[in-house]
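Undergrad: What Swiss-Prot records for this protein is below:
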type	residues	note
ACT_SITE	Asp173	active site, proton acceptor
BINDING	Ile47, Ser48, Ser49, Gly50, Thr51, Tyr52, Gly53, Arg54, Val55, Lys71	ATP binding site
DOMAIN	41-368	domain 'Protein kinase'
REGION	390-426	region 'Disordered'
Amino acid sequence: MFGRNFPFFNSIGGFYPRESLDSKRPSGSGYTSKVRVRDKYHIVGFISSGTYGRVYKAIGKDGRKGEYAIKKFKPDKEGEIIQYTGLSQSAIREMALCSELDHPNVVQLAEIILEDKCIFMVFEYTEHDLLQIIHHHTQPQRHAIPAPMIKSILFQLLNGLLYLHTNWVLHRDLKPANILVTSSGAVRIGDLGLARLFYKPLNSLYSGDKVVVTIWYRAPELLMGSRHYTPAVDLWAVGCIFAELLSLRPIFKGEEAKMDSKKTVPFQRNQMMKIIDIMGLPRKETWPGLVSMPEFSQLQSLAMSRGYINRQCNLEGWYQSCLKNNGYSPGSAAGTPGAEGFDLLSRLLEYDPTKRISAREALEHPYFTTGTPVTANCFAGYEGKYPHRRVTQDDNDIRSGSLPGTKRSGLPDDSLMGRAAKRLKE
């Protein structure tokens, strides 16, 4: 269905021949048995941890050149007793999809290793992610990400997303921390833990995962409780990322309401308010499917209580203010995304998912086809330097020289490789 036999867009348009990527892909992709991690990789240090395990930076041994990020899945645990009860659905999906997907704008899996009942996913190493880059541009004082860099990042992101969607894969967790960037300026979509196939599903996507996409990047149809959704949810997230690259802060920074003890999914009232503040109140005249949404009555209640009935879209006002505050103009060092940038943003942040622009349509938008040409290296022409990813030795697994079988926990559920700068709780 995908990967090995499918042609795809390259990062500057056109299609890659199948052979060109196979020759670049690390050999041995997929499951490897009776191999020890330390026999093949030198562990440089610890990157990050989270719910499901830990991530380490490593260098290949014995002619296996390059740097790698090794993601270690921990076994389930009760107290001090390790219970080998299996892997999470998220881990299984990520391994299955990453073993098949093969595109220059999707993170590359080198191999999977099973050692002492621990599973390791070995990925190519990426030095940066968009969250780290955004954070860098806010320190020590705010300075805009150059418009040509944003254009390249966005094009490569959409290019990878087109490949996923063409191969019936929804990512469902696009956000700056999950968009990786190599030191040579190549953008990779990472963390496929929430990704899933959407080709003729036996049940609604909602029945399998009731909550998807980090709250600030969650599409309105998801907030409205839609049981059926499409690749459009990923395009809304791209719009949020585009806005964040421009403004250096999340455009819809709401507070998430947590599930109750009965695991009932609550209406995300605060997040919907943040969207309405800028996008105006969604209306059935422009979004016919709105009235059939499970949370429509909640939206009506919100509109009445907050005086949102007459709230109109002010995205253009937000956009112009963003350009002014961050110094985007035709004669500035940062350049400008121009009117084309606003038009693309407005089509990505379209309330009605049936009208929202697709990845393929977005790649053909005048924002990319006019003005400064898109570069395959997003850092091209940029004279600044971004800090390297933070790698430490402060980890029991490293100090003990034993990666598998430890009692430590963690693995980033929000980033394949971790990140240098941690954001406030998302």
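Each residue, glycine too, has its Cβ placed from N, Cα and C.
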Undergrad: Select the most exposed residue of Ile47, Val55, where exposure means the fewest other Cβ atoms within 10 Å, treating these as the binding-site residues.
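TA: Lowest Cβ count within 10 Å among the binding-site residues (Ile47, Val55) is Val55.
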Undergrad: For Gly53 (ATP binding site) and the residue listed as 'active site, proton acceptor', what Cα-Cα distance in Å is obtained after rounding to a whole number?
TA: 18
Undergrad: Measuring Cα to Cα, how far is Asp173 (active site, proton acceptor) from Ser49 (ATP binding site) in Å?
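TA: So the Cα of Ser49 (ATP binding site) lies 18 Å away from that of Asp173 (active site, proton acceptor).
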Undergrad: Provide the number of Cβ atoms within 10 Å of the Cβ of the residue listed as 'active site, proton acceptor', excluding the reference atom itself.
TA: 25
Undergrad: Taking Ser49, Gly53 as the binding-site residues to compare, which has the smallest set of other Cβ atoms within 10 Å?
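TA: Across Ser49, Gly53, these binding-site residues, the one with fewest Cβ atoms within 10 Å is Ser49.
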Undergrad: For Asp173 (active site, proton acceptor), which DSSP three-state class applies?
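TA: DSSP call for Asp173 (active site, proton acceptor): coil, neither helix nor strand.
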